[in-house]
Amino acid sequence: MAAASPPPSPPSAKRPKMSSSSDPEADAEPTSPSAAGADPGQPRRPRYKRRKVAILLGYCGAGYQGMQKNPGARTIEGDLEEALYQAGAVPEADRAAPRRYDWARAARTDKGVSAAAQVVSGRFYVDPPGFIDRLNAQLAPQIRAYGYVRVTNSFNAKKFCDRRRYLYLLPVFALDPSAHPDREAVMASMGSGSELTKCLECSERGRKVPGVMGREGKPPSPGESGADAPLEGTVDSHDESGSIGAAKCDPTILDGGNTSAHGELGLSSNEKLDLPVSGNGTDSGNAELGSNSVVDAIPSADADASIGNEEDKVEATATEEKVQGSNGEEKLPTKSDFSYTDEVKERLNRILKYYVGTHNFHNFTTRTKAEDPAAKRFIISFAADRVVSLDGIDFIRCEVVGQSFMLHQIRKMIGLAVAVMRNCAPESIYDVAFRKDVNLNVPTAPEVGLYLDECMFTSYNKKWKDSHEAVSMEPYCEEAEEFKVKYIFPHIAVMEHKEGAVALWLHSLNHRNYPDFRYMETAGAEAKIGAEVAADAEAKVGAEADSIEEVQMPNDNVSE
């Protein structure tokens, strides 16, 4: 007789949903390590549940080396992780170990880039009433958490993000080919009837401009010369760190005696910006910076040194030329009439549409080869339809939506588009910009105007709409807008006013720094030469064949 089988063992308890441990009590940890060993006689501190959540936040990238944590550098992620620990969301055992609590970010912004709507996810100890307040109390004012959403255990902010929308605020003057002219453009315009005057500060970074006198660029008094005049003050140019002196940015166009200044900072020629002065920074130092002070020329070791003294002399003469009206009186330069007209808008949007679709963007990033599958990215839309004014400067609102972006990709896309708009590069360069066999050196626009506007989780929200709250910025739109107005927009305007972030960069857009702007001309010339060589070779072979046929013709006739 068979022995009776033992009774079945009871099924093991299932792991609780949204828990990191099989023990329910393990998830209910105190808010801080000290609470675990609290005196039994003291009131017990609240115990929070560990949940998988998505945190929605914004930040201004000024002073940070990007979003991603980097040892030895101040990053948004580094400050956020420490704040989560100090707020009790991360236990002592998981401190500085983000993998242990499933940390993920929706986007990885570059150095200096801001975000109005970033999303991070992880498993944190949270309580609905006070978690966000405790977190914000540990963060710098330029990083603000708006709220958090309970998500599924499998949620990952990076993998589940369908689309990312970035905005780049580009100053309108950046599209004006005459604003902030490069030395190369100034020299090329000499004698053309539409001569360009150097931008007094920005034309040559780190060097003083020969022949320019004082803050307004006025000529010296009679009897003075650039060689023996007393040096009462100097106009400090941009140093290598990007700081600027007190001289005013005043590029002008001389056309038949009528001069119009490009008021790219939204100011007339006789208005001044309160800019920092390098040196002792005192008011007396500013007072000494008179209108007749002389600027000494500092020799340069770069490619500009090849331009001779005669060209410098011509350039200085053009710069010092007084503006005369029709009645012989001096006229003050007027504000530029360049604006974002429908024609300019149509052209820029046509250029931006080249990026839409799936392309190989290896020329628009760094460290990614053309053969790497990661170089292929899908851009959903790219448009620039509106102008916004920040602190007197008009900015074009360039909006790009894509599945994902690589390092510097958006800034390089903007950089090449600006180069084409300023006629530094032909529009036909886009015919080869996405080819795997072509390597182009593409300019990178400054990071200050770029910010992450929204991360979208459309597929996730649709799939889990019946059981989980949507991961969306909609409930926090007003908070995000207030944050942009308080931190992001002022930072962009200040950097342009005081640092000339875009103005400085515009001077680098020339064929000397970017010889690949002439790629189409060079490639066309090489193709033409190749075609001529091939045609000559073909003609030579044909001639030889004809001579052979002539020799063999009698034999052929005989055979017939």
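Note: Cβ is positioned from N, Cα and C throughout, glycine not excepted.
What TrEMBL says about this one:
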type: COMPBIAS; residues: 1-13; note: compositional bias 'Pro residues'
type: REGION; residues: 1-48; note: region 'Disordered'
type: ACT_SITE; residues: D110; note: active site, nucleophile
type: BINDING; residues: Y166; note: substrate binding site
type: REGION; residues: 207-334; note: region 'Disordered'
type: COMPBIAS; residues: 279-292; note: compositional bias 'Polar residues'
type: COMPBIAS; residues: 293-307; note: compositional bias 'Low complexity'
type: COMPBIAS; residues: 310-334; note: compositional bias 'Basic and acidic residues'
type: DOMAIN; residues: 352-457; note: domain 'Pseudouridine synthase I TruA alpha/beta'
Query - Same-chain residues at least 6 apart in sequence whose Cβ lies under 8 Å from D110 (active site, nucleophile) - result: G66, L407, H408, R411, E447, L450
Query raised in the report: With DSSP helix as H/G/I and strand as E/B, how many residues of the domain 'Pseudouridine synthase I TruA alpha/beta' (352-457) fall in helix, strand and coil?
Result: 28 helix, 36 strand, 42 coil
Query raised in the report: Can you name the residues of this chain that are 6 or more positions from Y166 (substrate binding site) yet have a C-beta less than 8 Å from its C-beta?
Result: E399, V400, V401, F405, I410, L450, Y451, L452, D453
Requested in this report: Give, as a single whole number between 0 and 100, the mean pLDDT over the domain 'Pseudouridine synthase I TruA alpha/beta' (352-457).
Outcome: 96
